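The block underneath contains the structure these notes are about, expressed in structure tokens.
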Amino acid sequence: MPRCPAGAMDEGPVDLRTRPKAAGLPGAALPLRKRPLRAPSPEPAAPRGAAGLVVPLDPLRGGCDLPAVPGPPHGLARPEALYYPGALLPLYPTRAMGSPFPLVNLPTPLYPMMCPMEHPLSADIAMATRADEDGDTPLHIAVVQGNLPAVHRLVNLFQQGGRELDIYNNLRQTPLHLAVITTLPSVVRLLVTAGASPMALDRHGQTAAHLACEHRSPTCLRALLDSAAPGTLDLEARNYDGLTALHVAVNTECQETVQLLLERGADIDAVDIKSGRSPLIHAVENNSLSMVQLLLQHGANVNAQMYSGSSALHSASGRGLLPLVRTLVRSGADSSLKNCHNDTPLMVARSRRVIDILRGKATRPASTSQPDPSPDRSANTSPESSSRLSSNGLLSASPSSSPSQSPPRDPPGFPMAPPNFFLPSPSPPAFLPFAGVLRGPGRPVPPSPAPGGS
């Protein structure tokens, strides 16, 4: 009796999403019958011993040395490549076959007890819907291997037997989930057209659209959106983390999937359930300038607030993300918006450059050359500059003078009078109330007498 291969007994359910890949050939960590298809390599000649040529035993054939039955049964293109590379048996046993079925490893005398041989279609349907120790049906395995003819045949068997295509394995994955994870858009289109539900949830509450965005596969997402019947695909469905497919696409920073979701009507301001963050706030917290610009170009609300009242500008200012702060301010972000702690983006900012941008100082372009003074510029003097000039005595102190009027010029040929700040300041008149104000901690100083008095 042949022995089981090493590691075959202690192999548990295979997590195709989180299990690390083996260092060898692709799919080497999977069971033999679930590995992806590859071109068969020529087998080396067996060494000759004292007893002659030694024929190696195949553990999946049960030690039988009979050749496989030639010819594809029921239109299957290449059934021997259905489960692993090399010559295998047909999809279901026949009378001319003397070896066990490759999926269940039952000898031929026991198989007619399960499926009568006079109903080959019933045998096909029974074996196509039978799950192994991992909960995988032959349809799961054919999808993982990317065997499109076998997927066609098995889908037809499911439909003829009245079975649903949404069969979960032990990891709560349907064949459609596996088709999206392995990025096979043709298989995705085939399964959805045949009746697979695009809203089936995996163990994380994710639909096929979530998985397509998570694995950065815009081709699978497009195939899913094109082949789904109207009203059967909800793009606003949340997973167990409260995220929509658009949130997942923004977090993976795949602009093609984001663009595709927005074109198909996904809500650009949808908030997650846990924190109330919009996709724009997620993009800001990921420090993705290109994603922020893409969302703003499609009309995202720049002042959207999460449950704590903070906006995208709060997040960018508190993290010191200078390019994002500048982009949000130019897009109309409100710097006076307060969160639940009564903090504005200016109050949570820690960087001096961010503070300057929020105050409007760093956004003004710096002038490289100073223009020559002209009468027009002197006529448009600001009130602050006119007040500084009047305090220095450069402008007339008469009440009738206004800041918009320039000071009178001296006639030609006469020198300009010296400014007032070169002359001693006159003493205040006696009738002003502040004439006797204290100048120090001592006594009040009496007003000085008027000039010319005794």
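These residue numbers are counts, starting from 1, taken along the chain as shown.
Glycine is treated like the rest: Cβ placed from N, Cα and C.
Per Swiss-Prot, the residue from the list Ser382, Ser402 bearing the note phosphoserine is Ser402.
For the annotation phosphoserine, the record in Swiss-Prot points to Ser41 among the listed residues Ser41, Ser217, Ser278. Non-local neighbours of the repeat 'ANK 4' (241-270) in the same chain are 204-207, 209-210, 212-214, 216-218, 221-222, 225, 235, 278-280, 282-283, 286, 288, 290-291, 294-295, 298-301, 304; each lies 6+ residues outside the stretch with a CB under 8 Å from one of its CB atoms. Long-range contacts of the repeat 'ANK 5' (275-304) within the same chain, counting only residues at least 6 positions beyond its ends with a Cβ under 8 Å from a Cβ of the stretch, are 242, 246-247, 250-251, 253, 255, 258-259, 262, 268-269, 311-313, 315-316, 319, 321, 323-324, 327-328, 331-334, 337. With a cut-off of 8 Å between Cβ atoms, the residues of this chain six or more beyond the repeat 'ANK 3' (204-235) that come close are 176-177, 179-181, 183-186, 188-189, 192-193, 197-198, 241, 243-246, 248-249, 252, 254, 256-257, 260-261, 264-267. Residue counts for the repeat 'ANK 4' (241-270) under DSSP, split into helix (H, G, I), strand (E, B) and coil, are 16 helix, 0 strand, 14 coil.
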